[in-house]
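> Below is the structure I would like to discuss, written out as C-alpha cells.
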C-alpha cells in the first residue's frame, strides 16, 4: 500500500527535476540580454507614450537610445531636464536642444478668409475635407473644426473666437500629433523663441490668393528684398523663412504689404547698447554690423551705436567677447 503511494510520487519528483533542469538550461540558452541602462533610461522618460519621438512609446525609445539609434534628446515632451537625466545615465553630454512649439501658419479668420459654403457634418477637419476640400474660401486655409485640438494629448490647443486654433506654448510638448492630424498641413513646429513667422500656406498666385484671403502671401518678394541675411525665399508662390538664418530684426514684418508675417514690431524689436566699462574697442561689433550702425576707433573705447540705424539683429551681441553689448527691447508691455 505504501509502495503504491511512494512510487508515483517518486516518479513525479524525478520528472519535475528533469523538467526543471531543462527549463533552467533553456532559459540560459534562449536568454535575451537587456542592457541594464534601458530601465534606467525608461524611468527618466516622462511616460507620456505620445509617440512624438516617432516610436511606439517610451519603452521603445529607451531601448533605441541605449542602442544608439535615437538621440538622447529625442523625447520632445521631457525637454532639457529629461535630456540631461538621460545623458547622465548614458555618460554623454545633453547639448542644447532648442524647444519647439506647434504653430498655426494661417491667419484666415472668419473675417479675413470667409467661407464659400455652409458645412453640415461632423466637426472634424479631415471629414470636412472630403466635401470638396472644405467650406473655406481659401483652399489652403484652416477649417477651424478642431481636429488638432481633439488629438492633442496635453490640452495645449483651443479654438479661438476667430475660428483659428490657439496653442499654449507652456503646455505644448512638440509631440507633433497636431501636425500629423491637420489635413491642410498648416500646423508646424517652430522654435519657441521664433516670433517672425510667415502665417500663410497659400500656393496660389498673388491675385487669386488675395481674392480668397486679405492676409494671404502674394509672393511679391518685398520680404526677400528686406532681409539682409538671406533667410527668406519664395517657394511655390509663398514666402518661407529659414529659422536658422533669421535674426528676427522684423524688417520683413515691416515691409510685408499683406501683414502675413507675424511679429510685434513695436514691442518685439530690440536695440543694441554698448556697456562702456566692458568695451575694449576691438572692433568686432562694427566689423560685423550689417547696417554700419556702429562706429569707433580700434583700442579707443567705447564704440558708439547709432540707435536710429540699428535694426536689432543681435549680431554684434553674439560677436562681442567681453559682454560689452546688450539687447534692450524698444518697448515693454
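Backbone N, Cα and C atoms are what each Cβ position is placed from, and that goes for glycine too.
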> Going by Swiss-Prot, 138, 142, 148 bind [4Fe-4S] cluster 2; tell me which of 75, 82, 182, 200 is listed for that site too.
182
> When DSSP is mapped onto helix/strand/coil, what comes out for residue 178 ([4Fe-4S] cluster 3 binding site)?
helix
> Can you give me the same-chain residues 6 or more apart in sequence from residue 138 ([4Fe-4S] cluster 2 binding site) with a CB-CB distance under 8 Å?
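Counting only residues 6 or more apart in sequence, the Cβ neighbours of residue 138 ([4Fe-4S] cluster 2 binding site) under 8 Å are 108, 113, 202, 209, 212, 213, 216.
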> Could you check which of the binding-site residues 152, 175, 217, 220, 252 is the closest Cα neighbour of residue 282 ([4Fe-4S] cluster 6 binding site)?
252
> Rounded to the nearest angstrom, how far is the Cα of residue 220 ([4Fe-4S] cluster 4 binding site) from the Cα of residue 246 ([4Fe-4S] cluster 5 binding site)?
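Each residue's Cα considered, residue 246 ([4Fe-4S] cluster 5 binding site) and residue 220 ([4Fe-4S] cluster 4 binding site) end up 19 Å apart.
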> What's the CA-CA gap between residue 152 ([4Fe-4S] cluster 3 binding site) and residue 53 ([4Fe-4S] cluster 1 binding site) in angstrom, rounded?
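That separation, Cα to Cα, works out to 15 Å.
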> Whole-number answer please: how many Å between the C-alpha atoms of residue 256 ([4Fe-4S] cluster 5 binding site) and residue 148 ([4Fe-4S] cluster 2 binding site)?
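So the alpha carbons of residue 256 ([4Fe-4S] cluster 5 binding site) and residue 148 ([4Fe-4S] cluster 2 binding site) sit roughly 29 Å from each other.
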> For the binding-site residues 58, 148, 282, 320, which Cβ has the most other Cβ atoms within 10 Å, all shown protein chains included?
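Max Cβ neighbours within 10 Å, all protein chains included: 148.
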